[in-house]
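In TrEMBL this protein carries:
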- His320: active site, tele-AMP-histidine intermediate (ACT_SITE)
- Gln104: ATP binding site (BINDING)
- 13-338: domain 'RNA 3'-terminal phosphate cyclase' (DOMAIN)
- 184-286: domain 'RNA 3'-terminal phosphate cyclase insert' (DOMAIN)
Amino acid sequence: MDGDRVEIDGGIMEGGGQILRVSTALSCVLGLPLRVRRIRAGRSQPGLRPQHLSGLEIVRDLCDGKLNGGEIGSTEITFTPGKIKGGTHIADTKTAGSVCLLMQVAMPCVLFAASPSELHLKGGTNAEMAPQIDYTVMVFKPIVEKFNFTFNCDIKRRGYYPQGGGEVVVQMSPVKELTPINLTERGTVTKIYGRAFVAGALPIKLAKDMSAAAVRCIRREIRDLYINIQPVREPDDQAVGTGSGIIIVAETSTGCLLAGSSLGKRGKNADKVGIEAAEMLLQNLKHGGTVDDSLQDQLIIFMALAKGVSRVKSGPITLHTQTAIHFAEQLTKAKFTVTKSEEEDTSNDTYIIECQGMGMINSNL
């Protein structure tokens, strides 16, 4: 069997967990045996971290696959996928490792399962270096569902750095195939809304301060829109640990959703958290694309699997997106092209990501 394994170099380009997520998800969907070497080679702690290992384990369990080298710190794994079956599965990082990153690796797999799936994902819901669960529900979900599937995401408990302890339940039914998307018209911003949250030992005043600072910052650029950022204190029975943060979403006349977010941490001023999120949102609005920097790379795997041509207009292409495209092309027959957008307004740094998808058909249905 080893002669037919696809060889993946986990140390190139973005060089992190994303290479593992894209390649193991595609390996599972396409039934391709895989070897990934030099996992996270350039990072300060190379090899698998707890959340990467949980991601690999859930994919293995989803398809009764075989995983070798699945230990913390391992820099090489081999994975041999089986048939994707659906059912109930649990993945627990046992740390504040992101549940959203677990969702990223599992979701393409369960779309091509034989029956509906229920995933119990445990870890951090609002973690650094990963999308917050609020982003996944408010931005990722409505946009990715344009590929012609739906999922339900129930936040049972929130969990924060350092101990995690959050839990999200995702329910999804398989599809026969994915339809392509065309997100090339930004339209105008029609509303801006969001939530600023505190949990555990933190007072609601911090959430109000984050919200107010964010509104002030956005007001300098956008004067005539009502901005509704709700300050929230997470109920104690629905949150583990102490945490705070904010997410702000801009919705446009064509249904685009772009966001900015930030997390609080000890010693970081609440105003600064709010301003960071507001500046990130304004930056994402400035480039004129239909997706923000965080969504860009998350759509690549679905574009690759869909049938037909998908087109997405984005701001500058991130290294994460370049990496996702590289490995999607290596593993599928999808073909991507990225071209500078022909805009009247030359100040906009926008690009069109186009993909001729491979047209994956779910043979389990």
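These residue numbers are counts, starting from 1, taken along the chain as shown.
Just so you know, glycine gets a Cβ as well, placed from its N, Cα and C.
On a Cα basis, His320 (active site, tele-AMP-histidine intermediate) lies 13 Å away from Gln104 (ATP binding site). Sequence-distant neighbours of His320 (active site, tele-AMP-histidine intermediate) (same chain, 6+ apart, CB under 8 A from its CB) are Glu14, Gln18, Gln296, Asp297. Here the Cβ of Gln104 (ATP binding site) has 23 other Cβ atoms within 10 Å, regardless of which shown protein chain they belong to. Mapped onto DSSP classes, the domain 'RNA 3'-terminal phosphate cyclase insert' (184-286) shows 36 helix, 37 strand, 30 coil.
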